[in-house]
């Protein structure tokens, strides 16, 4: 067996070109990009491209329990050299792939398990977690898949060692409740930096996330910061808000009715809406083996089509859900790119309204009017195409079958959350949510039991917050209180037993973490922490805040959202 300390001879150096024949590898100077996002550097490549057959072989060998581990591994030397070594060694007698990985890569270490002090209340526990979940990329190594950011940031926790786009807004809500406005400002600055550097906010700050984004919450983040800094925040981030919008709307000017391009859809009547899209159509590096197996299970579809739809579902944040599938029991029937999601379009309505407000703050009334017109057009398209009149709730539009889908999901609350719903329709959505989705432990994501994590019986903190705030926007305070109280009780009961907050909860009862999906239940957990703090302040009066969930349900919510209603709610 070749010893670990391989002497790269002149022969090896000459062999590199031959060993790498046909492999296209592109590198970027992370340090230069971090210092200047406008610097002319190439986009860094993900590990499946950098390492080619080595990456494929390691993942397929299942050397590590979690496929994300090797995607996050740091090469100890130039990947070109490592790959050349691998091509020369792999067919030799006694070659040990695991030993080769251990010698040539630094694997991510498991974080130290946080043991909270005994007797902490729920609020004290969350406040104590913020520094534990804070990370910095000041010491990012060359060839790391981690993308550097200028400021520190708060990660979700567990296997999620990097920042995530839509998670972060709900985390930031909690940071603001804890008085950490400096951290809120840092995280907004990081996302603004990413928009300048990459043209969009990636799924997370990893090279393998650059080909997609996530639910566009940047406008909400800037609006949150503006609560503390005033209109200065809106004016400061107006250029990045405009770039974010340009990313989502790229190609719209060339579309004819009935056509789609990347993230933009033009329906037959000329209405413009959006969908989720990933620029790549290969297995996800962080779920390599699982994606290959999913594609193989449905030989009637091109594998690249399935890969794109899996990736696009990851862009939606709902990875995975019956919402995207023809057969909820068969993941390979996923077709995310043929579905126009109601929540995405509600969020883009909010982005357009925020752009109008920011433009007005900057003194550009003409631009403000243009963005208001775009928001109004989208609102009409949502009411026309994303409302299921037969069922009485907002739903997704099916491009493949040219009709509204019937499935009720927690996404139906998003038009209420952004004040884009008509009053009578908001009342119908509230009734549907109460009748079909409200469970003992909170709001169910869907009513379908598929084994996927964004289905029954799971409930997720961000969707509870969207529902509670959206319902309050339309005076549906009783249903909002039920969602808030039941979810908080679930969080409190789980914390009482396990002394932790988790990524998702089983809402069919109280006191149980959720299941399903591609990985074990994670704790920490950024967005649960943030929503829990916000909800604690909803159920307890400001003059007498509570540190844990009270033993008896309050008669009413103590606070209401501060958003300015749109014309639809007036």
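A Cβ is built for glycine as well, from the same backbone N, Cα and C atoms used for every other residue.
Over all protein chains present, the Cβ of residue 319 (active site, proton donor/acceptor) has 22 other Cβ atoms lying within 10 Å. The active site, proton donor/acceptor annotation in Swiss-Prot covers 319 (among others).
In the three-state DSSP assignment, the secondary structure recorded for residue 503 (active site, proton donor/acceptor) is coil. What Swiss-Prot records for 503 (among others) is active site, proton donor/acceptor.
According to DSSP, residue 285 (substrate binding site) sits within a helical segment. Taken from Swiss-Prot, the feature substrate binding site applies to 159, 166, 167, 203, 212, 213, 214, 284, 285, 286, 317, 518.
The compositional bias 'Low complexity' feature in Swiss-Prot is assigned to 554-570.
Swiss-Prot lists 544-570 with the feature region 'Disordered'.
Under the heading signal peptide, Swiss-Prot lists 1-34, citing sequence analysis as support.
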Using all protein chains in view, find how many other C-beta atoms are within 10 Å of the C-beta of residue 212 (substrate binding site).
24
If you measure residue 317 (substrate binding site) to residue 503 (active site, proton donor/acceptor) at Cα, how many Å is it?
13
May I ask for the distance between residue 285 (substrate binding site) and residue 319 (active site, proton donor/acceptor), taken between their Cα atoms and rounded to an integer number of Å?
15
Counting every protein chain present, what is the number of Cβ atoms, excluding its own, within 10 Å of the Cβ of residue 317 (substrate binding site)?
22
Within 10 Å of the Cβ of residue 503 (active site, proton donor/acceptor), how many other Cβ atoms can be counted across all chains shown?
27
Taking the Cα atoms as reference points, how far is residue 214 (substrate binding site) from residue 319 (active site, proton donor/acceptor) in Å?
11
Identify, in sequence order, the residues in the chain of residue 167 (substrate binding site) that are 6 or more apart from it along the sequence and have a CB within less than 8 Å of its CB; answer 'none' if there are none.
156, 160, 462, 526, 527
